[in-house]
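The repeat 'Solcar' annotation in TrEMBL covers 7-87, 98-183. Annotated transmembrane segment per TrEMBL: 191-215, in sequence order.
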Amino acid sequence: MLEDQLGPQGKHYVCGSIAAFTNIVVTFPIQKVLFRQQLHGVLATEAVRQLQRDGLRNLYRGLLPPLLQKSTTVAIMFGLYEDFSRVLLDRVGSSGVPELITRSFAAALAGTTEAILTPFERVQTLLQDHRHHGRFNNTAHTFRTLLSEYGVKECYRGLIPILLRNGPSNVLFFGLRGPIKEQLPEATSRFGHLVIDFVCGGVLGAGLGIMFYPLNVVKSRAQSQVGGAFQPCRQVLLTVWRERGGSLAKLFRGAHLNYHRSLLSWGIINATYELLLKLISEDEWRG
C-alpha cells in the first residue's frame, strides 16, 4: 500500500510537497502583483499594468524557484514538525513539560530548518524584479551568476527576516490550527471536510500574512539588491519607512492583496494536505 511505501512519517512530506505545488501554480500571478507592491510601494492597478507591459511570456517568469522552494519548504514544514514532535515527545516523556510547549518548539525548529532554502527566495526575487530582467535569464543562470561573481553568501541575502518570520509563524500555525478547526461546524462529508480545512488554513494563513507583512517587505527590499554591503533588518526597514514618507499605510501597501493571496494559498495547502492524508489512510485501510 502507498502508506507502507512512504513510511508512517514520509507521507507528511509527500502530502505537504504536492499541496504546495498545487498552490504555487494557481496563485503565482497574484504573488507577482504583490511582489511589485512590496518592492516599489505602488498600487495594485499599477503593479498589474507593469505585468501587462512585461507581456504574457513573462507572467510565469520566476516560477521555478518558488515551485522548488515552496514544494520543499512546505514538505519540511509538515514533515519535520511531525518528526520533531514525535522525537521530542518521546524524549520529554513524563517530565511534566506541557505538550503545547514541546510541539511549539518542534514547530519553531521546523520553521528554522526551512531557512536553508533561502537561495530559492533570493533567486525568485531577482527574476520577478523587472529591473533585473536584462541581467538574469532564468533560475540556473541567476544561481550561476550569484555564485561565480559574489559567492554563496550572496545567495543568503535576506536570511535574517526569513528566520524571524518562519519560526514564529510555524509556532502560531500549528498551535492554532486545531483550536480554530474545533470552533468550525463539524463536517459530515468529504466535501465538508475539504471546506473546513480550507477555511481553517486560509484564516490562519491570512492572519499570519498580515502579522509578518513588514518582515516580507524588508526581505523583498534586501533581496532585490545584488552585491554591496549587507544591511541590517532595522536599517532596511528605516530606509523603506523614510522612502514611503513615514506612512504605516504605505508600508503595508499590498497587504490587502497579501491577505487574499494568503487566504487562498493556505486554504489550498491545508485542504490539499489533509485530503491527501485521508486518501493515503483510506488506501491503507482498504489494504
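Including glycine, each Cβ sits where the backbone N, Cα and C put it.
Nobody curates TrEMBL annotations by hand; they come from automatic prediction.
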The repeat 'Solcar' (98-183) - residue tally per DSSP class, helix then strand then coil: 73 helix, 0 strand, 13 coil
Counts of helix, strand and coil residues, the repeat 'Solcar' (7-87), according to DSSP: 69 helix, 0 strand, 12 coil
